[in-house]
Amino acid sequence: MTRKFGLSAALTTPFQENGDILLSVMTDHAKRCLAGHCDSVTLFGTTGEGSSIGHRERGEVLSAFASAGIAGTNIVAGVLVDSVADAVDQSAQALDAGARNILLAPPSYFKNVSDDGLFHWFSAVFTQLGPKARDIIVYNIPSVTMVKISVDLVERLRRAFPGVVTGVKDSGGDWSHTEQLLKRHGDLSILIGDERHLAQGTRLGGQGAISGMANLLGAEVRAMAVDGRDDTRVTGLVEVLLNYPVTPAVKVLVARTTGDAVWLPVRPPLVTIGAEDRERLGQAFDRQFSSQAA
């Protein structure tokens with residue numbers, strides 16, 4: 001069994017209106033998350049708009065986190081690219097900075113790819129990383145990538161690269177698939193990305209979560225991800241959130257709970273949620289968690 005993963009906040013990335021990353025705002029927010037029930041923060045994931053952040057900028061973020069005193073052991077780095085070369089470069093950059101884990105999504109430009117094709121892609125990444133390859137969490141998020149990480153593919157990868165693949169983040173929202181991952185690969189860190197299934201998955205052996213909701217509800221999500229405690233307030237809010245583009249919607253809630261509109265801007269191709277929908281989202285949050293609103 002791998003070490004207990006715990007809770008990682010899928011960190012939102014604050015941008016200026018011109019698109020530049022607000023590094024000090026980002027590191028301050030990460031520190032709040034780490035002080036507020038999170039074991040780590042995940043940079044450059046889906047919630048963090050990682051596919052819109054370039055290699056140079058990623059290095060600047062990692063340097064800013066190090067300068068802010070945030071240890072690499074508290075950082076998971078998302079890698080959401082298509083080419084093997086880019087995946088190797090971004091993974092090596094984060095691993096060299098001491099990152100705890102790499103959250104590695106499959107290539108997604110070409111559709112209807114086979115497990116064989118995915119196996120060869122991941123194999124090439126791990127082989128080219130060489131001795132640096134470690135602590136890889138394979139990312140299953142077919143609603144975004146249109147690629148499903150099968151239970152059998154995980155088996156092939158872990159057999160071919162023992163000790164390299166240490167977990168799966170399952171954000172597919174398919175409970176039967178989550179159950180199979182837990183049954184077949186329960187000795188890995190199986191992280192349930194859909195908060196609606198999180199507590200149930202934890203009770204069946206899930207190792208924690210990388211959660212966008214942990215940006216604002218660390219204590220509540222931790223109880224679900226670590227203790228397996230149901231929370232209908234969180235799941236109810238997630239149901240509302242899914243009516244909107246999720247990444248901009250999470251930013252709306254972070255802005256609501258911090259009282260700081262600096263969190264609202266997103267990078268193209270995403271667009272900021274309009275004022276009326278922001279208010280609806282804020283009211284949905286307030287109905288469940290009024291005492292926590294800024």
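Each residue, glycine too, has its Cβ placed from N, Cα and C.
Annotation comment: TrEMBL describes THR47, ILE210 as pyruvate binding site. The active site, proton donor/acceptor feature in TrEMBL is assigned to TYR139. Under the heading active site, schiff-base intermediate with substrate, TrEMBL lists LYS169.
A gap of 5 Å separates the Cα atoms of LYS169 (active site, schiff-base intermediate with substrate) and TYR139 (active site, proton donor/acceptor). Under DSSP, THR47 (pyruvate binding site) is assigned to coil, being neither helix nor strand in the three-state scheme. The Cβ neighbour count for ILE210 (pyruvate binding site), using a 10 Å radius and every protein chain shown, is 32. Residue pair THR47 (pyruvate binding site) / TYR139 (active site, proton donor/acceptor) shows a Cα separation of 13 Å. It is 11 Å from the Cα atom of ILE210 (pyruvate binding site) to that of TYR139 (active site, proton donor/acceptor). Counting other C-beta atoms within 10 Å of each candidate's C-beta, the active-site residues TYR139, LYS169 are led by LYS169.
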